[in-house]
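Asker: Just lifted these from TrEMBL, have a look:
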TRANSMEM  57-83  transmembrane segment
TRANSMEM  89-109  transmembrane segment
TRANSMEM  129-152  transmembrane segment
TRANSMEM  164-182  transmembrane segment
TRANSMEM  194-214  transmembrane segment
TRANSMEM  259-280  transmembrane segment
TRANSMEM  301-325  transmembrane segment
TRANSMEM  345-363  transmembrane segment
TRANSMEM  383-406  transmembrane segment
TRANSMEM  412-430  transmembrane segment
TRANSMEM  488-507  transmembrane segment
TRANSMEM  519-539  transmembrane segment
Amino acid sequence: TLGEAQSCRLLPAPRSGGDRDIPRAPERVPATLKSWLYRHCSSVQQRDRQAQKAGQLFSGLLAMNVVFLGSAFISSMIFNHVAITLADVWILLSILKVVCLCWIIYYLLGTSRQPHAVLYRDSHAGPVWIRGSLLLFGSFSVLLNVFQIGYSVIQIHCKSKVEIVFPSIEILFVSTQAFFLWHHSKDCIQVQHNLTRCGLMLTIATNLLLWLLAVTNDSIHMEIESQLREVEQRLAGNETNLCACPNTTTCKVFQKGYILLYPFNTEYCLICCSVLYVMWKNVGRRISHHHAPHIKPKFKLQGVVFGPLLGAAAVIIGICVFMMYQIQATGSAPNRQVFVMYYSYYIVLLPLMSVCAVVGTIIHAVEKRELDTLKNPTRSLDVILLMGAALGQIAMSYFSIVAIVATNPKDLLNSLILSYSVLLIFQYITQNIFIIDGLQREPFVAAIEARHRRVSVLELGQEFRRVSLSYMHSYSHLSWKRKALKEISFFLVLCNIILWIMPTFGAHPVFENGLEKSFYGYSTWFAIVNFGLPLGVFYRMHSVGGLLDVYVSA
């Protein structure tokens with residue numbers, strides 16, 4: 001009750017309350033009331049923690065059941081597309097999206113507008129580049145659905161109405177969700193805890209199912225394209241397919257745009273899941289004011305030269321390699337030379353990235369910045385996503401290593417693929433260590449503020465002057481380390497961007513070179529690629545955000 005809460009504010013709060021940081025009040029408690037208040041307040045706080053755990057458990061179980069149900073529908077569609085069709089999956093997802101839309105609108109117009117609803121905001125949640133990525137990928141997802149609607153309208157004689165209704169609902173869902181996350185990703189909501197947790201978890205489950213469906217459809221497109229390449233060449237000019245795209249520019253634009261923009265939809269769904277999870281962790285969280293940062297680091301390019309130059313060179317060369325690969329890969333069956341060129345680019349770039357990450361980790365170890373020990377759901381999620389997303393590409397690399405060593409490792413192309421796989425594993429590990437170590441360090445401006453705040457409390461002029469001179473000396477002595485961290489971080493940002501672009505827009509040599517496919521069999525290797533490739537793409541994009549955090553904090 002309100003009276004119980006006001007009484008409990010008179011007592012110093014215990015420090016074992018999870019991620020709830022409750023400020024201590026300066027009032028003195030009478031000795032006669034002290035023991036009763038301690039017992040009373042501890043029971044209130046214990047009931048509050050139990051209610052929080054129960055709400056998290058119930059909302060988590062709700063999301064788990066929805067994900068299992070949707071996964072069963074999608075899997076049934078893949079293995080038995082006669083009993084469960086794509087239209088059935090779309091109907092299920094449309095129902096989920098409508099329910100999520102109702103909750104988001106209720107949150108925007110009802111929950112967030114209640115008195116004392118948002119007393120605290122998590123400064124670490126929803127950084128500007130994450131929200132910018134949401135808007136970017138959300139815009140491309142809307143454009144993807146526009147292309148899908150246009151393509152379905154042209155093919156209306158052999159398309160069902162569901163194929164027009166589903167993308168229309170998707171446009172409304174993506175737009176509303178992007179607006180909601182842009183304005184409320186930092187909220188620590190203090191009212192309607194259970195309803196908000198269930199709404200957030202239901203939205204997370206819906207985005208996961210949309211991601212699973214998008215990955216499945218993209219993979220099916222890759223499978224059909226690779227299997228029927230020779231058949232299409234033999235049957236050129238045969239108009240027996242009633243649903244074939246007419247020979248018009250508009251239909252071709254809609255068809256190619258629909259296929260090209262698929263990866264952006266998968267990335268949008270994964271980003272939304274990560275932001276929504278942080279909001280779910282922040283429900284009911286109270287943040288003390290002395291833990292809020294007074295000075296926020298800002299992104300500046302001042303003093304950074306070699307990182308942008310080397311990174312820009314890597315991006316330009318990578319774009320040239322990617323264009324040459326795409327021209328030869330889409331024109332006919334790709335030859336050995338295009339694979340040699342592609343893997344050679346990776347073999348040159350990956351060791352350079354690994355060396356930079358190792359040097360950055362050494363600088364972190366030598367540097368005197370303290371570790372940030374405060375609980376931070378955003379940072380914990382970043383670490384989990386970095387480690388989990390890296391497993392996809394690492395697993396693919398180990399499968400490739402086994403296939404090459406067991407067949408013919410002395411062949412030129414096989415030796416390049418073997419070197420590429422080994423270097424890729426090492427690069428993932430070193431980069432993860434560098435990013436995670438950097439995320440756990442206090443920003444340099446926060447260290448400056450904390451040091452000056454501690455000195456000002458002393459109110460001793462001589463001590464202030466001595467500590468300030470000592471700190472200025474250490475500032476100038478460590479400046480080269482911070483500069484090196486910024487150069488390394490910026491170089492790795494640009495490298496990860498180009499390594500995200502190449503597989504996102506269709507460069508899939510792990511599936512097209514034929515080595516692993518012939519060793520494991522088409523279906524097995526296709527399932528491995530289907531698991532690892534989307535996670536690898538997401539890892540590159542997510543590591544860009546982590547590296548930008550490391551760059552800013554340095």
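Glycine is treated like the rest: Cβ placed from N, Cα and C.
Unlike curated entries, TrEMBL annotations are predicted automatically.
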Asker: Thinking of Cβ pairs under 8 Å, which stretch from 89-109, 194-214, 259-280, 383-406 has the most of them with the transmembrane segment (164-182)?
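Answerer: Counting Cβ pairs under 8 Å, the winner is 89-109.
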Asker: So which of 129-152, 301-325, 519-539 is most in touch with the transmembrane segment (488-507), counting Cβ pairs under 8 Å?
Answerer: 301-325
Asker: Could you check if the transmembrane segment (194-214) is in contact with the transmembrane segment (57-83), meaning 3+ Cβ pairs under 8 Å among residue pairs at least 6 apart in sequence?
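Answerer: Yes, the transmembrane segment (194-214) and the transmembrane segment (57-83) are in contact.
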Asker: Is the transmembrane segment (345-363) in contact with the transmembrane segment (412-430), using three or more Cβ pairs under 8 angstroms as the rule and ignoring pairs under 6 apart in sequence?
Answerer: yes
Asker: Where else in the chain does the transmembrane segment (301-325) make close Cβ contacts, counting only residues six or more beyond its ends and a cut-off under 8 Å?
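Answerer: Distant Cβ neighbours of the transmembrane segment (301-325) are 334, 338, 341-342, 345, 349, 483, 486-495, 497-499, 501-502, 505, 507, 509.
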